[in-house]
């Protein structure tokens, strides 16, 4: 067989370069997606003001964060009065009255968790994919599923205790000494496993999402390349594949997202009010209760807002990440020539 027909030789990218590419993608994604969630939260707070101690979910496009209302007045960014008539009106009034930076309110503290989680996730996925392909062959279709599951498990396991600490620090201003005492007391009373109390509901949604996302992304990318007669995907092929695969995974896993949100919120109520945790209901039981109360459609509450958030986030993240890797591949290829 003519070696030319097999496409160009693949130039490897180092783990450090993968980390840099994923970090860049994570920051760009959060900068582009966060304004939509900020506006959504401001509209929610306008219609149903958040009381002190109330928690709400804040998304920067990379991961969801449980945030707790701290102050009674209008000092917090999500409590500022706006008199918005809708989404577009909220965008315009926030920019005009508060400055464009207000569209990224609350972002910096969440990036401390979201960027490392994304870097771990994407770098582990690529490293695992390369390892599995070297063992099982390039065309093994199960590789993206396995690599996606393991990478997501690893990222959530590393970040989950840190996110618990971040939420606690945000709900009450702790010094580092007080935080150390809080963690020590929690571990002595409930064991080390208590630091991963939010792990299960997150895994419930993120692992199936990751498996479906990476499998469909790789399949779509290959199909679009074949249709275009290309060996390597373009920026738009990566962008389109990311948006479509992310949208599909978002729809299928939405019931788990609804359950995750409910479990996270209940967990925070018990933690913050020092109420002893009752025997937790299983995911299946919570789903049955939702269906009994709101019908089958209750499992798909928030579908449109989730798609509006997930599709562009997945598209921007993966296309930026692949662009970064492509840039480093060219740099590495040039070094090999000289």
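Note that Cβ sites are derived from N, Cα and C of the backbone, with glycine treated the same way.
Of all ranges given (239-259, 260-280), Swiss-Prot attaches the label transmembrane segment to 239-259. Swiss-Prot lists transmembrane segment for one of the ranges 172-192, 298-318, namely 298-318. Swiss-Prot assigns the feature transmembrane segment to one of the listed ranges (103-123, 124-144), namely 103-123. According to Swiss-Prot, the feature transmembrane segment maps to residues 145-165, out of the candidate ranges 82-102, 145-165.
Mean pLDDT, taken over the repeat 'Solcar 3' (233-327), works out to 84 on the 0 to 100 scale.
Beyond the ends of the transmembrane segment (103-123), by six or more residues, the same chain brings 15, 18-19, 21-23, 25-27, 30-31, 34-35, 38-39, 58, 60, 62-63, 65, 67, 77-78, 91, 94-95, 151-152, 154-156, 158-159, 162-163, 166, 170, 317, 321 to within a C-beta distance below 8 angstroms of the stretch. A Cβ distance under 8 Å defines the sequence-distant neighbours of the transmembrane segment (19-39), meaning residues of its chain 6+ beyond its ends; these are 13, 58-62, 77, 87, 90-91, 94, 102-107, 110-111, 114-115, 118-119, 121-123, 308-309, 312-313, 316-318, 320-321, 323-325, 327-328. For the repeat 'Solcar 3' (233-327), the DSSP-based tally of helix, strand and coil residues reads 79 helix, 0 strand, 16 coil.
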